[in-house]
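Taken straight from Swiss-Prot:
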- GLU117, ASP118, VAL119, VAL120, THR121, THR122, GLY123, LEU124, SER125: 5-phospho-alpha-D-ribose 1-diphosphate binding site (BINDING)
- THR121, ARG149: orotate binding site (BINDING)
Amino acid sequence: MTDEQVLAEFRAAEALLEGHFILSSGLRSSRYLQCARVLMNPARAARLAEALAFKIPDKLKIQLGSVVSPAMGGVIAGHEMGRALGLDAMFVERPDGVFHLRRGFRLEPGQKVLLMEDVVTTGLSSREAIKAVEEAGGQVIAAAALVDRSNGTADLGVPFYPLIRLDVPTYQPESLPPELAAIPAVKPGSRAAVAA
């Protein structure tokens, strides 16, 4: 799947938004990818996951024992990646502000895991999820995401395979360009709201 085909899937789902957005990282952006909209169609979600699975090297795929994703945004993407790879898919969640495996999910000691995200901006949620997998006894050997919007700066500590890289400028709240500052900010993501 080419980058243009991936973007066409987002456009068809009305998931590529323009405006002033507060990202889960706290950074601001003029564009937002609402992955929940692109993933709400099971056939589209499967196509995107299968295209991403194709990008992961076979030498890594054969080592994997499961897929783990962070709730909330990564749950559907992780489930579809599990289907594409023929692996169980689990998720970590933050009942107390810190990611944990719950709901009876467990990893065998040393089990090799693919961390699956919907979007990576700073990599903070991914690193927190990797820590939770390690604390549960697993070993994340690679990460994947539908979209890398980090401008190449996210360091997850493991090989990272995005379906598409979108270089959309992000800004600190105190360093907004005037045209963005003039638009009221909205927070469409899944992490708790940050002070504006």
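Cβ coordinates come from backbone N, Cα and C, glycine included.
Summary of the 5-phospho-alpha-D-ribose 1-diphosphate site environment: with the site residues GLU117, ASP118, VAL119, VAL120, THR121, THR122, GLY123, LEU124, SER125 set aside, the chain residues having Cβ atoms within 8 Å of the Cβ mean position are SER24, SER25, SER126, ALA145, SER150, ALA154. The two recorded residues, ARG149 (orotate binding site) and THR121 (5-phospho-alpha-D-ribose 1-diphosphate binding site), have Cα atoms 5 Å apart. Here GLY123 (5-phospho-alpha-D-ribose 1-diphosphate binding site) comes close to SER150, THR153, ALA154, ASP155, LEU156: these same-chain residues lie at least six apart in sequence, with C-beta atoms under 8 angstroms from its C-beta. In three-state terms derived from DSSP, SER125 (5-phospho-alpha-D-ribose 1-diphosphate binding site) belongs to a helical segment. Local packing around the Cβ, expressed as the count of other Cβ atoms within 10 angstroms, is greatest for GLU117 among the binding-site residues GLU117, VAL119, ARG149. Taking all protein chains in view, 26 other C-beta atoms sit within 10 angstroms of the C-beta of THR121 (5-phospho-alpha-D-ribose 1-diphosphate binding site). According to its DSSP assignment, GLU117 (5-phospho-alpha-D-ribose 1-diphosphate binding site) is in a strand. Cβ contacts within 10 Å of SER125 (5-phospho-alpha-D-ribose 1-diphosphate binding site), excluding its own Cβ and spanning all protein chains shown: 27.
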